[in-house]
Amino acid sequence: MKASILRSVRSAVSRSSSSNRLLSRSFATESVPERKVAVLGAAGGIGQPLALLMKLNPLVSKLALYDIAGTPGVAADVGHVNTRSEVTGYVGEEQLGKALEGSDVVIIPAGVPRKPGMTRDDLFNINAGIVKSLCTAIAKYCPNALINMISNPVNSTVPIAAEVFKKAGTYDEKKLFGVTTLDVVRAKTFYAGKANVPVAEVNVPVIGGHAGITILPLFSQATPRANLSDDTIVALTKRTQDGGTEVVEAKAGKGSATLSMAYAGALFADACLKGLNGVPDVVECSFVQSTVTELPFFASKVKLGKNGVESVLDLGPLSDFEKEGLEKLKPELKASIEKGIQFANAN
């Protein structure tokens, strides 16, 4: 499914009558339950392409697009795409409740983007407040929805969301996800290039967090297997960790990793929808409440089901390099988690 999304879009461009083929190849099956997805921050750099990709997903029957401005235009534009879902735009805080009501999945790409020289933590003061406000509304209007957190720094915004939901009495650790899928997408792409294997066949788990050294791709577990040198593995790991910076610098101050993030967000949302619909053996990496390490939140492989997280999978065997990386990331990840918790409880 994952590798076929972009092929399907290209197919649709060349054959205007192929919309049904597009859908069947892009995302899953057509005979599915009614599912509402809300995108909060839908007029932004990630939100707009993400809205389009969710419109292409036949598992979605209602698509609610929310932002503080600009969503009526985005909704009108995306709404003309001839696919199953009904699209509605909502603008301003007074319409947030309507956007959220009845949602099965809420995707949150809201917030300010990275700029040259900025780290994800530089975004904290602005995005933390945005996330807290949105999660307060989620707790009120759709407390049972699966939450897909994209807003950075994810290592802190997921703990913020958890604290908001705890205070509201609605917290369910099985329903809160930090979307780290872009790290997996990058790791697969970079590995395929070095291993000279088809990227569609590649699988690479990525654990830890979603910023800098907290991102730890497990290339020792990558498939198909390839005999890569230690230096190559180190370089691949570094490039995966710095992937966001690579895009920010390439765009020369005019954007961040919006398109690839939208793609990754759409992949993870699709996995959540499949899990909700009872599709078996849906496994993705995500930053969730976890006991696989001593840290309260951690990214690893997660099995998705009808209630969200069905199980958090073990890390599996690690190479010596990965064991070292795991120990190095823990202090930074712990500090980011605590920063989010402190923000939520102090404001």
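Just so it is clear, glycine is given a Cβ too, placed from its N, Cα and C backbone atoms.
According to Swiss-Prot, the active site, proton acceptor annotation covers His210. For Gly41, Ala42, Ala43, Gly44, Gly45, Ile46, Gly47, Asp67, Asn127, Ile150, Ser151, Asn152, Met261, the entry in Swiss-Prot reads NAD(+) binding site, with the evidence type similarity to another entry. Feature annotation from Swiss-Prot assigns substrate binding site to Arg114, Arg120, Asn152, Arg186. Per Swiss-Prot, transit peptide is recorded for 1-27.
Shown here: features listed in Swiss-Prot, placed on the structure.
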{"residue": "Gly41", "record": "NAD(+) binding site", "DSSP class": "coil"}
{"residue": "Gly47", "record": "NAD(+) binding site", "DSSP class": "helix"}
{"residue": "Asn127", "record": "NAD(+) binding site", "DSSP class": "helix"}
{"residue": "Ser151", "record": "NAD(+) binding site", "DSSP class": "coil"}
{"residue": "Arg186", "record": "substrate binding site", "DSSP class": "helix"}
{"residue": "His210", "record": "active site, proton acceptor", "DSSP class": "coil"}
{"residue": "Met261", "record": "NAD(+) binding site", "DSSP class": "helix"}
Cα proximity to Arg186 (substrate binding site), best match among recorded positions Ala43, Asn127, His210, Met261: Met261
Other CB atoms within 10 A, centred on Asn127 (NAD(+) binding site): 23
Site diameter for NAD(+), Å, by largest Cα distance between Gly41, Ala42, Ala43, Gly44, Gly45, Ile46, Gly47, Asp67, Asn127, Ile150, Ser151, Asn152, Met261: 18
Rounded Cα separation (Å) that holds between Gly41 (NAD(+) binding site) and the residue listed as 'active site, proton acceptor': 20
Entries of Ala43, Gly45, Gly47, Met261 which, being binding-site residues, have CA atoms within 10 angstroms of Asn152 (substrate binding site): none
C-alpha spacing of His210 (active site, proton acceptor) relative to Ser151 (NAD(+) binding site), in angstrom: 11
Winner by Cβ contact number (other Cβ atoms within 10 Å) across the recorded positions Arg186, His210: His210
Which same-chain residues, if any, lie at least 6 apart from Gly47 (NAD(+) binding site) yet have Cβ under 8 Å of it: Val39, Gly41, Leu65, Asp67, Val74, Pro109, Ala110, Ala262
For Gly45 (NAD(+) binding site), the number of other Cβ atoms found within 10 Å of its own Cβ: 17
For Met261 (NAD(+) binding site), the number of other Cβ atoms found within 10 Å of its own Cβ: 24
Rounded Cα-Cα span from His210 (active site, proton acceptor) to Asn127 (NAD(+) binding site), Å: 15
